[in-house]
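Feature annotation from TrEMBL assigns domain '6-phosphogluconate dehydrogenase NADP-binding' to B:49-206. Residues or ranges marked as domain '3-hydroxyisobutyrate dehydrogenase-like NAD-binding' in TrEMBL: B:210-328. If you look up TrEMBL, you'll see B:216 marked as active site.
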């Protein structure tokens, strides 16, 4: 049971649900009656856990708290747990301790192997979760592995959503991620208010696990190629003597623009490679693309992957993924902003 | 002298200029006095010629007419000239006949060699143009060639703008192209009302010819790589069984989006390869990129260029540039919409 301040509506079957501030949810008002305005006690607000408080998981966890959902955060780093307590959350360093009394568990670890460990490994979540807990797996991984994890969760009596996210750390912090999810309707229903708390768009891509991860894989193909293309374009621009700030501004008004050119291009223009994402993330994600593509041709993904691998081997694996521009600049014999 | 209906303003030095309906131009009102409202005779409205009435040139020419600027259209195709007359323009099949009494000449031919021919070849424009005519060269070409043409135009007593455009045929038709231009201030001033008639954004990239073409070249690098990436992403999506319409919709809300993924991706989803641009345009434009880059690394451009060349060699050179997806599908042993 949690206490939260806000608008409440009475729905059928009769129960109190916190009314989201998000405009998209105003539609449900049509069939509802506003019965309480102000602070109240809610009997069915779910409780949530977020395993992995990196940039995306942190954003999800604080967005859940902001929506009035009691949230347990799990991370290995004591300073992150301390910071999460300061935000009003409950902090745990073991997944098994955090999930015993929660309804929805978000997994925001780095890769498929870590997801398997926090779910089924020693101290993992599944052994101590209640039957029927919804596990929302927001990790970018091989679609085949996502299907396997969902099957094992359901065999253990749990519900599962294959639910990778997109949007970057700023949108995560604002509760405005995009979620690409697939899984059973019951899982969507039970996790609904939590998904709404962290995302501005929730795409329901069908009943079957795997569809979410497949769409995310295609997104990462494009994202990785576009980052490398932005790096190639701005580095060539610098080589031929163009002002990078002007070039970056003009292209954003032209047909050559991409979300990544706008976002990561700004990092290159500023010479700021503070990691929001990281080179090694795209070594992983484009590796998933080329692996799952098997003999299907993905020449641009392969070319971009080779660049990210080379940048990682040159020591830039934990820098911002836009650091691939520094690799190209070095090869071209020029210096970009921020290169010494 | 032309007649046009609209708002007129009196500027310093005293003269009548048609007042554009475009919001961006309202700023000039600050220092001006509205003196006529309604129909009037204007003594200094420029006259224009557009050489090359392909999709972009056609859009420019009808946008000039719509702005009340008397416009001469030049093309080799009789049916296009007839259609232009029906729009209220004057039609010519030789550049030399079209430019004798105009102030601003737009060049919208396909490549640098054609631009050279219509300017300086037999029946070319420069020999019959008045001194001081502004030549606005909107052709994507090697920056080195753009510089050469501008120098030869100035040596012949003309003014020149190196002014490639972006935006596609729909924006051209609406008078909302983006222009990336460099050249002398006098040329910008004389061509100003014509540029405003065809573009929603006119970037002034400095005094020197070449800067416009350099920025355009970088735009084409990104555009070409992004088209090929969209083709690769959607083809892999089809291979793994995703619904292409859903995939196209979801990605547009995610960080993997690009202007080209939205635009050309729609062609792939619909299986419609009616040429708006064409495969051979990117064989040319990415060829310019790799040529001008010389020994500077542009691996993604090279990979994309190889795909466009292969699609062209397979007979798709004059199809929409998105047809590179059909090449990848064939290699991957699948069929996309529109493939038989």
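Using the three backbone atoms N, Cα and C, a Cβ is placed for every residue, glycine included.
Remember, TrEMBL labels are computer predictions, not curated facts.
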Reported in the order helix, strand, coil, what are the DSSP residue counts of the domain '3-hydroxyisobutyrate dehydrogenase-like NAD-binding' (B:210-328)?
90 helix, 1 strand, 28 coil
In sequence order, what residues of the same chain, 6+ apart, have a Cβ less than 8 Å from the Cβ of residue B:216 (active site)?
B:140, B:164, B:165, B:166, B:180
Can you give me the average pLDDT across the domain '3-hydroxyisobutyrate dehydrogenase-like NAD-binding' (B:210-328), rounded to a whole number?
97
